Amino acid sequence: MAAVVEVEVGGGAAAERELDEVDMSDLSPEEQWRVEHARMHAKHRGHEAMHAEMVLILIATLVVAQLLLVQWKQRHPRSYNMVTLFQMWVVPLYFTVKLHWWRFLVIWIIFSAVTAFVTFRATRKPLVQTTPRLVYKWFLLIYKISYATGIIGYMAVMFTLFGLNLLFKIKPEDAMDFGISLLFYGLYYGVLERDFAEMCADYMASTIGFYSESGMPTKHLSDSVCAVCGQQIFVDVSEEGIIENTYRLSCNHVFHEFCIRGWCIVGKKQTCPYCKEKVDLKRMFSNPWERPHVMYGQLLDWLRYLVAWQPVIIGLVQGINYILGLE
């Protein structure tokens with residue numbers, strides 16, 4: 001190992017040749033890592049100008065890509081959301097198959113199958129009366145599971161950083177892998193379900209007729225009808241319908257409490273389903289224990305960019321570096 005250290009200090013082409021001749025089979029894992037680290041430094045020594053150019057390309061690409069994405073989202077939100085949803089759904093599948101993450105693949109297939117069925121139901125015309133509540137129940141379930149999974153994963157990571165895993169005789173690397181895996185599962189499926197739920201919410205509300213993404217609704221909303229599910233708000237015991245709590249927005253439109261919460265949290269809508277007046281989420285979720293759900297939803301919206309577009313931008317940067325002959 002002394003020879004390795006001397007070579008690492010020496011530098012130059014001769015050092016790189018000597019490092020290539022080191023027999024890795026007789027070294028411990030830590031020593032092998034040091035040799036690989038030394039090889040990397042020897043290979044890139046004297047390339048400071050090239051590295052600075054690569055950093056500038058990365059920064060410029062990130063800025064330009066962000067500006068283009070913002071303009072695309074503002075001018076054509078529907079196509080932007082569809083492409084983003086498709087990328088979030090497919091990009092992790094590529095890495096899963098490539099890296100043989102079979103457990104993630106099984107969960108992805110189950111989630112995709114059920115979500116495809118729910119989405120199919122949500123896009124049918126005429127819309128079955130029970131479909132809106134089925135859609136919101138499914139995506140609300142995934143939302144809660146992803147929320148709990150993310151919290152447990154975050155706690156596992158923090159416990160590992162503070163060394164509490166040693167109390168249970170768990171190796172740090174095992175505890176950290178467990179925490180990061182749960183955190184990834186929670187955040188990924190949380191982001192994915194919110195986008196699918198938003199798409200389904202738009203389709204269902206437009207089909208029911210009390211909501212239009214642009215323009216006036218095709219139906220007049222009666223005081224006795226919920227604009228989210230299209231069913232009667234108040235029903236007699238002898239009548240068929242949903243008996244549950246109601247919620248009145250600041251615009252005085254009344255909805256089933258479950259429906260309007262699903263519309264706002266799961267469907268990512270912050271406007272009245274009928275008149276599009278902005279909903280005061282702080283007033284709706286006055287309970288302090290419910291406010292983290294709103295914050296968690298905002299975090300998931302921010303992560304959409306990282307999950308969907310960051311791999312594309314990094315791939316673009318690598319392509320530019322390859323064309324310019326930069327390593």
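Numbers run from 1 along the shown chain.
Using N, Cα and C of the backbone, Cβ positions are placed for all residues, glycine too.
Residues or ranges marked as domain 'RING-type' by TrEMBL: 226-276. If you look up TrEMBL, you'll see 54-72, 79-95, 101-120, 141-163, 175-192, 302-324 marked as transmembrane segment.
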Same-chain residues at least 6 beyond the ends of the transmembrane segment (79-95) with CB under 8 Å of its CB atoms are 69, 72-73, 101, 104-105, 108, 112, 188, 191-192, 195-196, 198-199, 304, 307-309, 311-312
Checking 54-72, 141-163, 175-192, 302-324 against the transmembrane segment (101-120) for Cβ pairs under 8 Å, the most are found for 175-192
Outside the transmembrane segment (141-163), at least 6 residues beyond either end, the same-chain residues with a Cβ under 8 Å of its Cβ set are 111, 172, 175-176, 178-187, 189-190, 193-194, 197, 265-266, 293, 296
Long-range Cβ contacts under 8 Å made by the transmembrane segment (54-72), restricted to residues 6 or more beyond its ends, are 79-80, 305, 309, 313, 316-317, 320-321, 324, 326
Confidence over the domain 'RING-type' (226-276), expressed as mean pLDDT on the 0 to 100 scale, is 71
